[in-house]
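Worksheet: the structure to be examined is printed underneath.
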Amino acid sequence: MSLMVISMACVGFFWLQGAWPHEGFRRKPSLLAHPGRLVKSEETVILQCWSDVMFEHFLLHREGTFNDTLRLIGEHIDGVSKANFSIGRMRQDLAGTYRCYGSVPHSPYQFSAPSDPLDIVITGLYEKPSLSAQPGPTVLAGESVTLSCSSWSSYDMYHLSTEGEAHERRFSAGPKVNGTFQADFPLGPATQGGTYRCFGSFHDSPYEWSKSSDPLLVSVTGNPSNSWPSPTEPSSKTGNPRHLHVLIGTSVVKLPFTILLFFLLHRWCSDKKNASVMDQGPAGNRTVNREDSDEQDHQEVSYA
């Protein structure tokens, strides 16, 4: 049994050595923007590509271009590999959709799956719109709220951002009313407040936005019966996705070997137990017969 367990353990070890790097090699890295993906004109932005796979190089590419691919050697810190790409002071020709890739030492010309796309937007190019709330900036809990973004400029699209959230909502501008173009953003029943801003843009330059509207603080008063967190609000019950991915992957790999080891131990213990019972069988029978004989003698004495 011992030789079999050792053999299976060796097979499993070499299988893991061959399979684990390939799985990690296929896993896509993550791409972040610092200080954020909405960048004012002439402001510096850094794009960070990172992964829990130990990539040797990272590549950064902007969609629609062929000569803008950047390549950096990855830094390995605390089980994470990363590279920081500085794209300089923000200009209109630097705005767009970016993705990054990773490569490992033994396959320098083969790349991982691409990261999720990251849209880098330049702001501050046009006149700022106005942002207002209906029925007002202070509402009762559960009361419906609509934010209206409007401008004298003929923007095709309006974008609404919430402080602390990564993504924006967008709506097409409606017909011109009283000399202004407007888009309404229904927020539904109010459960929590927040600070909002809006921007305007044109169809032919979707990554070039206007200046930000003045911030609008929406306050909610009262205690709603059912208050739900924002979809982007982190839950205390939700762990780090990277750590969960590694934990689940390791558990799946270990499970077959654990089952096999349990089966072999169970079989070995069963064989040992059966052998022990067979050795003790005759002695057990003799003991039972002796007790029966004593009982019969006792009964004979009682009735004599």
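Heads up, the Cβ atoms here are built off N, Cα and C, so glycines get one too.
For 1-21, the entry in Swiss-Prot reads signal peptide, with the evidence type similarity to another entry. For 22-245, the entry in Swiss-Prot reads topological domain 'Extracellular'. Positions annotated as N-linked glycosylation site by Swiss-Prot: ASN67, ASN84, ASN178. The domain 'Ig-like C2-type 2' annotation in Swiss-Prot covers 142-205. The transmembrane segment annotation in Swiss-Prot covers 246-264. Feature annotation from Swiss-Prot assigns topological domain 'Cytoplasmic' to 265-304. Here Swiss-Prot flags 288-304 as compositional bias 'Basic and acidic residues'.
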Residue pair ASN178 (N-linked glycosylation site), ASN84 (N-linked glycosylation site) - Cα distance, angstrom, rounded: 48
ASN67 (N-linked glycosylation site) to ASN84 (N-linked glycosylation site) - Cα separation in whole Å: 19
Glycosylation sites: ASN67, ASN84 - member with fewest neighbouring CB atoms within 10 Å: ASN67
Helix-strand-coil residue split for the domain 'Ig-like C2-type 2' (142-205), DSSP-based: 0 helix, 39 strand, 25 coil
Three-state secondary structure, which DSSP defines for ASN67 (N-linked glycosylation site): coil
Surrounding CB atoms that lie within 10 Å of the CB of ASN178 (N-linked glycosylation site), all protein chains: 6
